[in-house]
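Visitor: Here it is, the structure, as structure tokens.
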Amino acid sequence: MACSTFSKPLKDKINPWGPLIILGILIRAGVSVQHDSPHKVFNVTWRVTNLMTGQTANATSLLGTMTDAFPKLYFDLCDLVGDYWDDPEPDIGDGCRTPGGRRRTRLYDFYVCPGHTVPIGCGGPGEGYCGKWGCETTGQAYWKPSSSWDLISLKRGNTPKDQGPCYDSSVSSDIKGATPGGRCNPLVLEFTDAGKKASWDGPKVWGLRLYRSTGTDPVTRFSLTRRVLNIGPRVPIGPNPVIIDQLPPSRPVQIMLPRPPQPPPPGAASIVPETAPPSQQPGTGDRLLNLVDGAYQALNLTSPDKTQECWLCLVAEPPYYEGVAVLGTYSNHTSAPTNCSVASQHKLTLSEVTGQGLCIGTVPKTHQALCNTTLKTNKGSYYLVAPAGTTWACNTGLTPCLSATVLNRTTDYCVLVELWPRVTYHPPSYVYSQFEKSYRHKREPVSLTLALLLGGLTMGGIAAGVGTGTTALVATQQFQQLHAAVQDDLKEVEKSITNLEKSLTSLSEVVLQNRRGLDLLFLKEGGLCAALKEECCFYADHTGLVRDSMAKLRERLTQRQKLFESSQGWFEGLFNRSPWFTTLISTIMGPLIILLLILLFGPCILNRLVQFVKDRISVVQALVLTQQYHQLKPLEYEPQ
């Protein structure tokens with residue numbers, strides 16, 4: 001009898017899988033800051049996917065924290081095998097397509113090898129990451145494969161091997177012991193201690209093989225993915241009701257560059273411009289790169305382990321920003337601050353707000369899921385200013401401060417939110433999967449947004465710093481850079497809307513001018529409407545409302561900038577005004593401190609060293625002198 005290619009006594013079964021060199025984004029690490037409560041509850045979904053067929057073997061959802069939402073997952077071995085094996089063997093059959101194939105599959109042991117961390121020589125996807133013995137970390141076999149570092153353990157369920165004929169109850173309902181779908185190979189997946197501590201930012205892959213005494217062990221692969229969602233719904237807050245009808249941005253039209261000006265003919269007088277050209281404003285590409293760079297700086301400060309190797313991608317379709325409702329302590333002012341105006345109410349709508357935070361005013365039932373605490377304003381004339389790094393998302397628009405008088409007289413409501421750009425985070429496994437050879441099914445990438453990774457960081461950091469004196473750790477240059485990038489992008493949005501309003505006004509003037517010309521041409525017939533025998537249409541100019549909203553928007557952006565600058569100390573402002581100052585100080589601070597210590601303690605240490613050497617030399621000299629001379633014995637005189 002021929003020996004099995006994948007039998008237990010053999011060691012190296014195949015040549016090692018050649019390494020695949022992939023260029024990732026290697027990023028330096030920063031300082032870690034705890035940014036989320038460990039008691040926060042999420043909607044966690046675990047999904048087991050057969051990578052050979054793309055079918056879902058198990059999808060389990062539960063409510064829990066990030067430290068205890070690790071349930072047992074139950075599914076069938078045939079959900080991972082499918083109807084056919086890649087390399088069918090005569091005694092295995094085609095797979096789980098027939099009752100006989102399902103029954104024969106149940107007779108064999110199986111072992112599992114990890115694909116998320118592949119040891120040297122364990123092969124690739126084609127071998128199920130089991131290129132040699134010792135790569136298996138779990139399974140159901142006579143040698144009891146196990147591991148102390150793998151993330152899961154996969155064993156057979158409670159059904160004994162000799163129970164059930166593996167018939168499908170929907171086809172053969174009269175046969176005793178038939179099960180739905182003919183499932184007779186139950187498996188139980190449990191998380192190990194290492195798996196409960198691991199980062200599940202992306203899908204993890206394993207290979208499973210049936211152990212046979214002869215022939216080749218058949219292979220299948222499966223992935224395990226965790227999806228985390230906030231319990232609260234994603235609802236819009238703002239005055240714009242047409243949010244769900246947004247379309248992705250159209251492709252940009254190619255702009256023809258103007259030809260360079262021809263040099264003037266000889267003898268012609270050259271014209272010198274009187275004014276200098278205006279300073280170049282940052283373009284769209286620069287602003288988008290600033291957003292991504294600011295997102296990286298903030299993420300690197302809070303979670304340096306996630307930025308060792310990753311992809312940060314800016315979402316190219318609306319919504320471009322999302323809000324995270326937070327709890328915070330606002331400031332109460334009896335008079336209007338200089339950076340806050342009660343009358344200005346611009347019309348920026350935040351289309352996605354998640355989480356639960358502080359609400360003020362009359363909150364409708366559709367938005368009460370966003371409220372952890374709802375406050376009613378007392379009567380009086382005072383102003384509520386949002387903390388640094390946050391803003392009020394109201395049904396009238398985004399604003400840095402509120403008027404209690406306006407809230408008491410109206411049914412308006414506001415939610416305290418943090419504003420985050422829509423930047424998605426992709427782990428290294430997503431990049432590697434793009435270069436792997438696809439056999440049948442391409443894995444769906446799992447992405448996390450910046451709001452999910454950093455949501456609540458501003459208020460959480462401030463709350464933690466009140467008792468520990470570490471509030472300054474949150475107000476760092478990284479978060480200020482992200483805040484400045486968001487403000488610059490909002491200013492460009494305001495400019496774009498203003499330019500659109502001007503274009504619409506110009507177009508309406510052209511249309512009205514054409515209308516007057518046509519009325520003159522058809523004057524004998526009584527005008528254009530009489531000639532067409534239609535009702536006359538008149539132009540209603542609403543661009544004034546847009547112009548007023550844009551003026552208020554510019555005013556509010558200026559106020560937010562003043563509020564941001566007023567919250568900074570003189571020391572932080574010094575670093576912001578001189579960006580090179582940070583690099584200079586960090587470069588020369590170490591050598592300066594070492595030089596200062598040498599100047600302070602160097603003379604004392606040198607004197608001690610010289611005195612010690614002198615003492616040792618004196619002792620040595622004394623020893624040398626004593627060795628050259630010896631004491632004479634006293635002479636005894638005889639009496640005469």
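Using the three backbone atoms N, Cα and C, a Cβ is placed for every residue, glycine included.
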Visitor: May I ask you to indicate which of 581-584, 601-604, 629-632 is given in Swiss-Prot as motif 'YXXL motif'?
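Guide: That would be 629-632, the stretch labelled motif 'YXXL motif' in Swiss-Prot.
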Visitor: Would you mind telling me which one of Asn339, Asn576 Swiss-Prot calls N-linked glycosylation site?
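Guide: Out of Asn339, Asn576, Swiss-Prot attaches the N-linked glycosylation site annotation to Asn339.
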Visitor: Disulfide-wise, see what Swiss-Prot says Cys122 is paired with, picking from Cys130, Cys135.
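Guide: Recorded partner, per Swiss-Prot: Cys135.
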Visitor: What is the interatomic distance between the Cα atoms of Cys122 (disulfide bond) and Asn43 (N-linked glycosylation site), given in whole Å?
Guide: 36
Visitor: Counting across all protein chains shown, how many other Cβ atoms sit within 10 Å of the Cβ of Asn58 (N-linked glycosylation site)?
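Guide: If we count other Cβ atoms within 10 Å of Asn58 (N-linked glycosylation site), we arrive at 18.
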Visitor: Tell me which of the recorded positions Asn43, Cys113, Cys310, Cys313, Asn408 ends up closest to Asn58 (N-linked glycosylation site) in space, Cα to Cα.
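Guide: The answer is Asn43.
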Visitor: Please report the distance from the Cα of Cys113 (disulfide bond) to the Cα of Cys135 (disulfide bond), rounded to the nearest angstrom.
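Guide: Their Cα atoms are separated by 6 Å.
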Visitor: If I take the alpha carbons of Asn332 (N-linked glycosylation site) and Asn372 (N-linked glycosylation site), what is the distance between them in whole Å?
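Guide: Between the alpha carbons of Asn332 (N-linked glycosylation site) and Asn372 (N-linked glycosylation site) there are 20 Å.
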Visitor: In which DSSP state, out of helix, strand and coil, do we find Asn332 (N-linked glycosylation site)?
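Guide: The residue in question, Asn332 (N-linked glycosylation site), is strand (DSSP, three-state).
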Visitor: Select one residue from Cys130, Cys135, Cys529: among these disulfide-bonded residues, choose the one with the most other Cβ atoms within 10 Å of its Cβ.
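Guide: In terms of Cβ crowding, the pick is Cys130.
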Visitor: Hey, how far is Asn300 (N-linked glycosylation site) from Cys310 (disulfide bond), Cα to Cα, in Å?
Guide: 11
